[in-house]
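J.: Pasting in a structure now, in structure tokens, and then I'll have a few things to ask.
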Amino acid sequence: MAAAGGGGGGAAAAGRAYSFKVVLLGEGCVGKTSLVLRYCENKFNDKHITTLQASFLTKKLNIGGKRVNLAIWDTAGQERFHALGPIYYRDSNGAILVYDITDEDSFQKVKNWVKELRKMLGNEICLCIVGNKIDLEKERHVSIQEAESYAESVGAKHYHTSAKQNKGIEELFLDLCKRMIETAQVDERAKGNGSSQPGTARRGVQIIDDEPQAQTSGGGCCSSG
């Protein structure tokens, strides 16, 4: 059973793991679902997959001896579902904001998501801005320099991916996990020093007993709503 991280001590103690929630946001057709399926199941479907509301996949990792359980939420990109965004990104430790490199408008919409996330969750959430479909480089409409400069200006990191060719995806999630671990460790040290502020644990690391988790988690895709 999950329990919120308490005082000092490493979260990666024997039999325990970091538990992080990551949400994918972006317009429809940018490839969010394809990225998640490629990462979690190494699957790719050329046909467009429309996500209705949200779904999630789970992934277990071992990074530098630290166990990590990821819950990756894939949200719908259609405008009519935008108002549901806060339901899915609240309490998130990380956000992956995806745009299609052949679609300038999808990049502009990412900027709106960044503003919303910073307003609602502050600077604690780790942001990744992802230019997907680099297999269509000849059709690129979003400048690499512009995208990378923007990401840096908002405290995010920029990545280049192709779900079709399976490029850049492992690097994206590995780097994000490392950043979330670093953030969680800073929070743990702050709590250990008695300097935590009200609400600090809102996106704090969750400590999970690994054995009970293994018994109760199916590890598959669970649709929401």
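Positions of Cβ are set from backbone N, Cα and C atoms, glycine also.
As listed in Swiss-Prot for this protein:
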- G28, 31-34, 45-46, H48, 50-51, G77, 132-133, D135, 163-164: GTP binding site (BINDING)
- T33, T51, D74: Mg(2+) binding site (BINDING)
- C221: S-geranylgeranyl cysteine (LIPID)
- C222: S-geranylgeranyl cysteine (LIPID)
- A2: N-acetylalanine (MOD_RES)
- C222: cysteine methyl ester (MOD_RES)
- 188-225: region 'Disordered' (REGION)
- 43-56: motif 'Switch 1' (MOTIF)
- 76-94: motif 'Switch 2' (MOTIF)
J.: In terms of DSSP three-state secondary structure, what is the assignment for K133 (GTP binding site)?
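T.: In the DSSP reduction, K133 (GTP binding site) maps to coil.
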J.: Taking the motif 'Switch 1' (43-56) alone, what is its mean pLDDT?
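T.: A mean pLDDT of 68 is what the model gives the motif 'Switch 1' (43-56).
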J.: At the Cα level, what's the spacing in Å between G28 (GTP binding site) and D74 (Mg(2+) binding site), rounded?
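T.: Spelling it out, the Cα of G28 (GTP binding site) and the Cα of D74 (Mg(2+) binding site) are 11 Å apart.
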J.: 10 Å Cβ neighbour count around T33 (Mg(2+) binding site)?
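T.: Around T33 (Mg(2+) binding site), other Cβ atoms within 10 Å: 23.
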J.: Let me know the most crowded of the binding-site residues, choosing from K32, K133 and counting other Cβ atoms within 10 Å.
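T.: Most Cβ neighbours within 10 Å: K32.
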J.: Where does D74 (Mg(2+) binding site) sit in DSSP terms: helix, strand, or coil?
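T.: Strand, per DSSP.
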J.: Out of the binding-site residues K32, S34, D46, give me the one sitting nearest to D74 (Mg(2+) binding site) by CA distance.
T.: K32
J.: Just counting, how many other CB atoms are there within 10 A of the CB of A163 (GTP binding site)?
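T.: Step by step: centre on the Cβ of A163 (GTP binding site), count other Cβ atoms within 10 Å, giving 25.
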